[in-house]
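What TrEMBL records for 1-19 is signal peptide. Taken from TrEMBL, the feature disulfide bond applies to Cys29-Cys44. The feature domain 'Cupin type-1' is assigned by TrEMBL to 58-208. Taken from TrEMBL, the feature oxalate binding site applies to Asn103, His108, Glu113. Taken from TrEMBL, the feature Mn(2+) binding site covers His106, His108, Glu113, His154.
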Amino acid sequence: MSRLLIFGLLLSTFSIVFASDPSPLQDFCVADPNSPVLVNGLVCKDPKLVQADDFFFRGLNIMGNTSNDVGSNVTTVNVVQLPGLNTLGISMVRIDFAPMGINAPHTHPRATEILTVIEGRLLVGFVTSNTENRLISKVLEEGDVFVFPEGLIHFQQNIGHGNAVAIAALSSQNPGVITIANAVFGSNPDIPRDILSKAFQVDVNVVYKIQSKF
């Protein structure tokens, strides 16, 4: 019995170990976007060719263009813009909001997000997974911080009188983003309308109208 117990504990330990991303095995692994080799992430640049600019990004002080349908703009700083982030498991974004602008409901499939309000007032929230689907929401003022757990649908809305700005960090070099409306109604090719009609419990003509906007 004791051997079986020890074996079970070892299996549990191995499961925990293999469930997380591996730690870097060197000081850094600057991404080499020109490499033809495909790996889970990006191939390392020759360390002897690494320069300070590989760890540098300029421009997060510049306001993004919020003249769009949702009234927001996301400036990303992930491994694409900052190659030195490769294997480090972190990235960040600046989010600009026009008055009443929104960062539409979306998910990050590979990252938890922690957001800080720099300017303005935001209504934020996320929805727990099925079957509870509980909305957890909060109004944030300047300096407030809020966390969105990995993979859960979340949003932000500017409810102040002027522009708003937030900075967020994400626990992945390439967190990904799935904007729900765009993915469901703007897929290529379209998801069949009878499927969406049944899923959203609306007339198929309503689905057609929404799809035409994406």
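In case you wondered, yes, glycine gets a Cβ from its N, Cα and C as well.
On the structure: features taken from TrEMBL.
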| residue | record | Cβ within 10 Å |
| --- | --- | --- |
| Cys29 | disulfide bond | 22 |
| Cys44 | disulfide bond | 19 |
| Asn103 | oxalate binding site | 26 |
| His106 | Mn(2+) binding site | 19 |
| His108 | oxalate binding site | 23 |
| Glu113 | oxalate binding site | 23 |
| His154 | Mn(2+) binding site | 22 |
Quiz prompt | Cα separation, His154 (Mn(2+) binding site) to Cys29 (disulfide bond) (Å, whole number) | solution = 31
Practice problem: Starting from the Cβ centroid of Asn103, His108, Glu113, which together make up the recorded oxalate site, report each further residue of the same chain whose Cβ lies within 8 Å of that point, ordered by sequence. | Solution: Val93, His106, Thr107, Ala111, Leu115, Phe148, His154, Ala168, Leu170, Pro175, Val177
Practice problem: Pop the Cα-Cα gap between Cys44 (disulfide bond) and His108 (oxalate binding site) into the table, whole Å please. | Solution: 25
